[in-house]
Ligand code: HDD
Ligand code: HEM
Ligand code: HEM
């Protein structure tokens, strides 16, 4: 395997791994403090038990997120030294603020985990809220750095030299807001459905229904709201890249020819060689409307870009279709949940719970697919229209071995963490109501 | 503002060496303890270090972020030529980090505990070893730049820089330093006389190893003409710092005897500070020494606008974080300055 390929795979793999833990680290604290709040309000033991169970989860996920994040912060330089040499100073702002947010999070976590019975109750609860807020803040900040790679700004560029750097402007690049909004919602959708699904499974099996229903309700009510908002935010993102990164839009819609009144393709198999999409459903003019709000607008096709500036089409197109399909499905599931609050007897059906069990992993699948759209859709650029990925890679050969190492460790960790969660639930279920 | 940035760079370096050092050291002590003492150490460490455990390890992230923002050219050499030991260090940090949490949060305390313990102890030994080797690699004069000699192979470029006796000695020195910090830290926390006695013994072993390794490094460096050691011996400030740090050992031992928990900790921290300062002063600002030249960290600094905004971010961040961190330590009685 070539060095560049290995480096790309390693970057992708470590990010795909980290993002799961990061999202859980961002969202679980909110669920935990809601349950904690209910315990303080109602003094029902069951909420205390749930809070403590979730707290263990937060601790395990937090640390796995933190160590994989620490590895990532080195990896950016280890794998892409040329990129960091130039981009580091420019996107330093979000990263240094992110460092501050991590610190706040870690301090709050220290107070929260070790503060039971030692700190005043309200203050203790509040440190839990801070964990959540600073987690979301750090997520937004890294995504702002990623937004800069998609929409570089805040510097002048001439003959390969970056000058007149304006860090604030680089951080508040054109992509940051839509990306951060979409990502934050995605974190709530993915984690919410996953947590709800785990508890739905316990209810399905008839274990400790009272406890698991309370947990399910906390998780799903937040996830459902986020899932209903997600397509709206996704539409904003799509309109954004139509302006900013037309090649990415063309790739995710698999459009080869520039057209006015472009149709939207649903499904279909991409034939990269003959530049065709077979077996698709076409909705006339819809793409022009979705991308530019005008049924007649011109949508650029991939053939308008030089061959060596076209992203891989098939994978981006499939990932995009998958994300949108799952997004629609999860939004419908969100609506279903709210309806089930009115028609309570739905919840007596086993099928209802089975449905949420099946939905559990899908939020994360959509989230990873979305990142593949964003990252692979940017190729061959590491900094859009400025620096190519192949020019940024480390000169050190043999990244393949490092890739193997990361693959084995992260597989092992995935396995161990899942096993630990399973043990948590088993112990939780053994306690009697 | 550059001064502010440099201040935070050294501040986070010092705190990482000290606080993460104490944490690594606890694992190293476990590694060299009898089974019964291991259990005790494990519990004490969890009680004392637990609350600040996460925060301790963020200093290295701050450190690396400052490096890449403010000193990109320097950072570039660091990540290209020391790729392998950095990766190995990350491996160690990952393993011990997850093991530390798994062993306390696994819902069922069974056989798996043994695995977590092994991982934790080994990770605790290897992470600081590689960290020290990275530093040794930076200043050991063994980095071969490919701009200078295009015929070099993998070994000359990516292994010789860090896999050499000098780096290994520096790595072991840091391992001993970690054990020293942790032992001094734990003496104050031990509840019974017997435990205190074991930690005292560990502390004295660590001190002896530390002093011996220090000498060996100086001798080895002197006879092998390692630029860093030559600079070190010629630099008055670093020699003074090292002499003071040796002298501080005396009051440190008196305080330990008297069971002055507060003072013995402060003095141990002073020790570490003096060692870090001596190493830095020896050749600042030329903090990379390659086989042909010394490269100043200040030679290619990011532009003023970048440095200014970073400085402001660090000051604001510092104002938020340091009181919070201090409050955290005080709440859990890690610092007893105000009682
Ligand atoms: C739960 C996860 C999830 C769900 C249900 C959706 N998305 Fe998404 N999407 C993401 C998770 C995500 C993401 C992983 O978070 C991305 C990657 C980068 C980003 O900002 O968000 C993303 C990126 C992303 C992009 C590329 C943005 C860019 O490159 O700047 C577009 C155009 C969309 N999404 C559009 C949609 C649409 C139209 C959806 C309709 C239902 C949708 N997404 C649902
Ligand atoms: C979309 C991408 C990312 C998101 C949303 C994200 C978010 C987060 C969050 C919320 C945490 C807190 C840990 C937790 O609560 O579990 C975290 C940890 C961390 N992330 Fe990421 N991250 C992303 C990508 C990255 C990248 C690319 C880097 C590398 C520069 C990085 C570096 C880190 C570091 C160093 C930590 C550990 C901080 C600690 O010790 O607590 N992250 N990330
Ligand atoms: C966590 C969510 C993310 C995922 C799943 C993800 C996924 C990927 C993938 C699949 C690639 C390889 C693309 C290719 O070469 O074809 C990649 C590359 C890369 N990503 Fe991301 N990414 C994420 C977030 C981020 C963030 C937040 C940053 C930076 C702040 C980032 C920085 C990079 C860099 C520097 C590369 C290598 C250069 C490149 O291939 O363009 N990524 N990522």
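Residue numbers in this text run from 1 along the chain shown.
Cβ coordinates come from backbone N, Cα and C, glycine included.
Residues or ranges marked as transmembrane segment in TrEMBL: A:12-37 (among others). Within the chain carrying the transmembrane segment (A:12-37), a Cβ under 8 angstroms from the stretch's Cβ atoms is held by residues 47, 50-51, 54-55, 57-58, 61-62, 64-65, 68-69, 71-72, 75, 125, 128-129, 131-132, 135-136, 138-139, 184, 186-188, 190-192, 194-195, 214-215, 218-219, 222, 364, 367-368, 371-372, 375, 403, 406-407, 410, 413-414, all 6 or more beyond its ends.
What TrEMBL records for A:58-80 (among others) is transmembrane segment.
Residues or ranges marked as transmembrane segment by TrEMBL: A:92-114 (among others).
Non-local neighbours of the transmembrane segment (A:126-149) in the same chain are 22-23, 25-27, 29-30, 32-33, 36, 58, 87, 90-91, 94-95, 97-98, 101-102, 104-105, 108-109, 111-112, 115, 119, 170-176, 179-180, 183-184, 187, 374, 378, 382-384; each lies 6+ residues outside the stretch with a CB under 8 Å from one of its CB atoms. Taken from TrEMBL, the feature transmembrane segment covers A:126-149 (among others).
For A:180-203 (among others), the entry in TrEMBL reads transmembrane segment.
The transmembrane segment feature in TrEMBL is assigned to A:215-233 (among others). Sequence-distant contacts of the transmembrane segment (A:215-233) (same chain, six or more residues past either end, CB-CB distance under 8 Å): 27, 30-31, 34-35, 50, 54, 178, 181-182, 185-186, 188-189, 191-193, 195-196, 199-200, 203, 324, 327-328, 330-331, 333-335, 337-338, 356, 363.
What TrEMBL records for A:315-340 (among others) is transmembrane segment.
According to TrEMBL, the feature transmembrane segment maps to A:352-373 (among others). Non-local neighbours of the transmembrane segment (A:352-373) in the same chain are 12, 15-16, 19-20, 23, 182, 186-187, 189-194, 196-198, 200-201, 203-204, 216, 220, 223, 227, 248, 252, 315-316, 319-320, 322-323, 326-327, 329-330, 333, 336, 340, 346; each lies 6+ residues outside the stretch with a CB under 8 Å from one of its CB atoms.
The feature transmembrane segment is assigned by TrEMBL to A:399-422 (among others).
The stretch in A:58-80, A:92-114, A:180-203, A:315-340 that contributes the largest number of Cβ pairs under 8 Å to the transmembrane segment (A:399-422) is A:58-80. If you look at the transmembrane segment (A:58-80), the same-chain residues 6 or more away from its ends with a CB under 8 A from one of its CBs are 7, 10-11, 14-15, 17-18, 21-22, 24-25, 28-29, 32, 88, 95, 102, 106, 109, 113, 131, 382, 392-394, 399, 410, 413, 417, 420-421.
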